[in-house]
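Copied over from Swiss-Prot, here are the features:
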SIGNAL    1-25  signal peptide
DOMAIN    129-453  domain 'Peptidase S8'
ACT_SITE  Asp167  active site, charge relay system
ACT_SITE  His208  active site, charge relay system
DISULFID  Cys225-Cys376  disulfide bond
DISULFID  Cys317-Cys347  disulfide bond
CARBOHYD  Asn375  N-linked glycosylation site
ACT_SITE  Ser384  active site, charge relay system
DOMAIN    461-597  domain 'P/Homo B'
DISULFID  Cys468-Cys494  disulfide bond
CARBOHYD  Asn514  N-linked glycosylation site
CARBOHYD  Asn524  N-linked glycosylation site
Amino acid sequence: MKGGCVSQWKAAAGFLFCVMVFASAERPVFTNHFLVELHKGGEDKARQVAAEHGFGVRKLPFAEGLYHFYHNGLAKAKRRRSLHHKQQLERDPRVKMALQQEGFDRKKRGYRDINEIDINMNDPLFTKQWYLINTGQADGTPGLDLNVAEAWELGYTGKGVTIGIMDDGIDYLHPDLASNYNAEASYDFSSNDPYPYPRYTDDWFNSHGTRCAGEVSAAANNNICGVGVAYNSKVAGIRMLDQPFMTDIIEASSISHMPQLIDIYSASWGPTDNGKTVDGPRELTLQAMADGVNKGRGGKGSIYVWASGDGGSYDDCNCDGYASSMWTISINSAINDGRTALYDESCSSTLASTFSNGRKRNPEAGVATTDLYGNCTLRHSGTSAAAPEAAGVFALALEANLGLTWRDMQHLTVLTSKRNQLHDEVHQWRRNGVGLEFNHLFGYGVLDAGAMVKMAKDWKTVPERFHCVGGSVQDPEKIPSTGKLVLTLTTDACEGKENFVRYLEHVQAVITVNATRRGDLNINMTSPMGTKSILLSRRPRDDDSKVGFDKWPFMTTHTWGEDARGTWTLELGFVGSAPQKGVLKEWTLMLHGTQSAPYIDQVVRDYQSKLAMSKKEELEEELDEAVERSLKSILNKN
């Protein structure tokens with residue numbers, strides 16, 4: 001599988017993004033879903049055309065004039081049988097375009113079978129929910145948890161917030177979920193009806209979404225199962241995984257479903273975590289994401305939470321275009337004693353972590369939540385379990401301040417996540433150029449619900465975001481078999497222009513590169529302030545020698561808050577003893593952030609916090625620059 005972006009950068013809904021394109025050696029699989037555009041006429045005309053040809057139809061909320069036609073009578077993945085229907089649409093003079101959707105794989109993450117407190121709940125599994133309040137259960141480390149108790153004691157339980165679980169459906173009749181189910185915001189895109197109930201199987205395979213829903217919104221004090229992180233929030237089911245193949249139109253429709261009712265979208269799935277796939281959202285889904293962060297929640301932006309991936313040390317989540325998107329909050333996991341789970345992927349785009357299991361055989365070390373048939377389970381695991389926990393914490397923060405934007409939530413995540421007692425056996429904890437501590441696997445640390453809601457209460461919306469192409473290397477450069485190819489780009493970050501980026505949020509290195517063995521490539525990038533981001537680690541199972549990376553946007557959050565101006569360094573080399581060849585064809589530096597200091601106007605209540613440190617840094621920088629401007633002015637007068 002090959003992934004990348006088309007050569008031009010497109011502007012959609014006020015955001016720059018590259019349209020990812022993918023090529024595969026496998027024969028394409030065609031589905032019973034069509035993207036249709038009419039020459040003229042609105043939704044009524046589309047319904048008329050669809051009915052005449054035996055199709056159902058849905059209007060796409062994020063794209064004017066485009067419709068989703070689906071034909072339940074067509075056998076899925078049968079090109080020959082669907083050809084007649086495709087030709088009928090194409091011959092219809094009212095139809096401008098009829099694009100049959102290709103199918104591709106999307107996998108649930110973490111579907112694995114794993115072998116005294118101030119807040120009292122009568123739910124039978126509550127005392128086993130160590131990730132909520134860790135007192136040392138299942139040989140865990142006391143105090144290593146989400147600190148939800150502090151948020152609850154402050155009165156925040158997720159009331160007024162709706163979380164959409166994009167998955168294989170949820171059992172909305174489950175007695176621990178029924179009272180918090182938001183039917184109006186729910187839909188089944190696999191069956192095209194408003195009832196996202198999971199398809200029961202003998203192996204309980206479709207319990208994934210129900211388990212995720214319980215982590216977020218399971219009711220409290222009802223003597224059933226456990227308690228959700230945001231137990232007074234509402235949960236919506238968006239069923240979209242349970243079909244032979246995924247399509248761009250189903251993903252885009254799910255991600256853009258009811259953006260004025262759904263505040264947070266939780267996704268515990270993605271491309272196959274096999275250590276050799278490079279894949280991400282297609283054009284419609286990218287457009288839907290851009291539309292969501294720009295227009296969702298009344299313009300404050302939909303909040304997308306993504307599981308970082310379960311490929312372990314054999315994979316890298318920067319090869320997953322969902323987890324590495326600027327528009328998602330990518331969440332990794334730790335187990336109850338602070339160690340990494342064996343399936344955890346590391347990458348520079350991960351923003352923070354929550355909890356799951358994947359290392360201990362103790363049956364009570366898993367995540368306790370709701371299950372199919374009205375049951376409960378202690379065996380939920382993977383980063384699948386981590387993402388909904390984060391969605392629950394964000395729901396608590398939104399209740400504290402409904403005015404938070406999608407970017408505010410990312411800033412709060414960076415500032416309130418904590419190292420706590422997390423331990424990465426491979427990558428050390430480091431500080432970036434403005435003193436923020438981060439880890440290549442855990443991001444900025446484990447979420448702290450108490451700290452987040454307290455900061456959210458006083459939070460002022462961060463300044464406007466700008467985008468700058470910091471420079472580009474277009475001449476082909478050979479990567480040596482031993483040693484490294486080292487390139488530099490010096491940028492002023494568009495200073496003096498209206499899109500000047502002074503304080504960084506996200507940085508993308510858009511790279512085109514080929515190698516005799518793609519999985520042996522290692523790519524690092526160092527910022528002007530000296531922060532090294534590992535953009536790509538070795539993936540020993542990836543033996544691709546033909547397609548490489550084509551305009552692939554590797555992303556880092558590790559330079560958050562830094563000054564973008566200066567010299568950036570890119571290093572490419574091979575890991576392993578076998579002789580290798582490679583060619584870097586392009587490196588384009590994309591800078592995203594603000595012109596004005598994002599924390600200057602924020603209220604500081606904890607003078608030991610990262611916010612206090614960052615604000616002090618900003619004030620000193622602003623003072624230094626003011627002095628420099630004054631000196632220049634005096635010298636110019638003389």
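Using N, Cα and C of the backbone, Cβ positions are placed for all residues, glycine too.
Quick caveat, the model's predicted, so the values are computed rather than measured.
Sequence features annotated in Swiss-Prot and their locations in the structure.
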| residue | record | contacts (Cβ under 8 Å, 6+ apart) |
| --- | --- | --- |
| Cys225 | disulfide bond | Asp123, Pro124, Leu125, Asp176, Gly214, Ala218, Ala368, Thr369, Thr370, Cys376 |
| Cys317 | disulfide bond | Ser308, Gly309, Gly311, Ala323, Ser324, Ser330, Glu345, Ser346, Cys347, Ser349, Thr350 |
| Asn375 | N-linked glycosylation site | none |
| Asn514 | N-linked glycosylation site | Lys546, Val547, Gly548, Gly582, Val583, Lys585 |
| Asn524 | N-linked glycosylation site | Lys532, Ser533, Ile534, Leu535, Leu570, Glu571 |
Of all the recorded positions here, Cys376, Ser384, Cys468, Cys494, which one's CB has the most other CB atoms within 10 A? Ser384
By CA distance, which of the recorded positions (Asp167, Cys468, Cys494) lies nearest to Ser384 (active site, charge relay system)? Asp167
Give me the mean pLDDT over the domain 'Peptidase S8' (129-453), rounded to a whole number. 95
Under a three-state reading of DSSP, tell me whether Asn375 (N-linked glycosylation site) is helix, strand or coil. coil
Provide the three-state DSSP residue tally for the domain 'P/Homo B' (461-597): helix first, then strand, then coil. 3 helix, 75 strand, 59 coil
Taking only the recorded positions His208, Cys468, Cys494, which one has a CA atom nearest to the CA atom of Asp167 (active site, charge relay system)? His208
Calculate the distance in Å between the alpha carbons (Cα) of Cys468 (disulfide bond) and His208 (active site, charge relay system), and round it to a whole number. 40
DSSP three-state assignment (helix, strand or coil) for Asp167 (active site, charge relay system): strand
Where does His208 (active site, charge relay system) sit in DSSP terms: helix, strand, or coil? helix
Write down the Cα-Cα distance for Cys494 (disulfide bond) and His208 (active site, charge relay system), rounded and given in Å. 46
Determine, from DSSP, whether Ser384 (active site, charge relay system) sits in helix, strand or coil. helix
